[in-house]
Amino acid sequence: MARRAAGGRGPHGDDFSFVSPAVKYVLFFFNMLFWMISMVMVAVGVYARLLKHAEAALACLAVDPAILLVVVGVLTFLITFCGCVGSLRENICLLQTFSICLTIVFLLQLAAGVLGFVFSDKARGKVSEIINGAIVHYRDDLDLQNLIDFGQKEFSCCGGVSYKDWSQNMYFNCTAANPSRERCSVPFSCCLQDAQEAVINTMCGQGMQAMGYLEASAFIYTNGCIDTLVNWIHSNLFLLGGIALGLAVPQLVGILLAQILINQIRDQIKLQLYNQQHRADPWY
């Protein structure tokens with residue numbers, strides 16, 4: 001004890017640090033990457049939103065992909081900002097905030113997956129409600145219109161339960177009182193695709209709702225997108241599991257690195273307090 005006290009140093013030299021530069025800067029660049037991605041998401045979402053008409057923005061707020069992009073981008077920006085600054089400045093409060101928020105996001109994703117699997121019927125009803133809402137606002141939002149057209153072409157489906165669900169849209173409504181030129185029609189994305197067709201016939205869905213299933217099936221997809229989507233999910237469970245794992249791994253790595261860095265910072269604080277006490281009392 002006397003020899004250590006005479007040297008005026010604690011169990012470690014003043015230059016020693018428990019904080020690992022590797023952990024610190026890996027966590028910093030990890031968050032910096034997602035921080036920049038979040039800014040791009042917000043910028044794209046805001047830009048897409050500004051291009052839309054005000055009335056369309058108000059009519060279709062709940063199903064607007066641009067709003068969803070902005071919300072996700074802002075949340076990601078705030079969380080990764082805490083991680084960036086917290087790791088760079090070795091701030092325990094910001095690192096704890098980052099770790100807790102990331103843990104909450106991970107648990108919410110896990111809970112959503114479990115609840116969606118357990119309450120599959122209710123989840124199906126919610127999906128049906130979202131799809132029907134999107135059908136109603138099909139012509140109100142260009143981004144939503146493109147998203148629906150892409151989904152119907154990729155999954156070879158039309159409408160929610162069937163192609164006649166398009167009657168919920170005011171332009172495609174099949175009642176006799178509807179003055180629209182698209183009365184009883186369906187979007188061109190419902191039409192059977194012809195690989196040899198050089199120019200897309202956007203009027204190919206004209207009057208299809210007035211036909212029966214068998215007659216219409218010669219021209220369009222009559223199966224609804226809900227059943228098609230459910231069947232696709234059942235057929236691609238391993239793919240979806242891989243995607244979920246790919247989303248979960250970065251979150252778990254971020255939480256782990258944050259907790260390691262927090263413990264290292266606390267150990268460094270204890271060392272500094274010990275050295276300060278040792279200088280004040282050499283016999284400590």
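Note: Cβ is positioned from N, Cα and C throughout, glycine not excepted.
Copied over from TrEMBL, here are the features:
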type	residues	note
DISULFID	Cys157-Cys190	disulfide bond
DISULFID	Cys158-Cys174	disulfide bond
TRANSMEM	25-47	transmembrane segment
TRANSMEM	67-88	transmembrane segment
TRANSMEM	100-119	transmembrane segment
TRANSMEM	237-262	transmembrane segment
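In this structure, the CA atom of Cys190 (disulfide bond) is 5 Å away from the CA atom of Cys158 (disulfide bond). Between the listed disulfide-bonded residues, namely Cys157, Cys174, Cys190, the fewest other CB atoms within 10 angstroms of a CB are found at Cys174. Cβ atoms under 8 Å from those of the transmembrane segment (237-262) belong to residues 19-20, 23-24, 26-27, 30-31, 34, 83, 86-87, 90, 92, 95-96, 98-99, 102-103, 105-106, 109-110, 113 of the same chain, restricted to positions at least 6 beyond its ends.
Cβ atoms under 8 Å from those of the transmembrane segment (67-88) belong to residues 24-25, 27-28, 30-32, 34-35, 37-42, 44-46, 48-49, 61, 94-95, 97-98, 101-102, 105, 254, 258, 261 of the same chain, restricted to positions at least 6 beyond its ends.
If you take the C-beta of Cys158 (disulfide bond) and look for same-chain residues 6 or more apart in sequence within under 8 angstroms, you find Gln152, Trp166, Val186, Pro187, Ser189, Cys190, Ile220, Tyr221, Thr222, Asn223, Gly224, Cys225.
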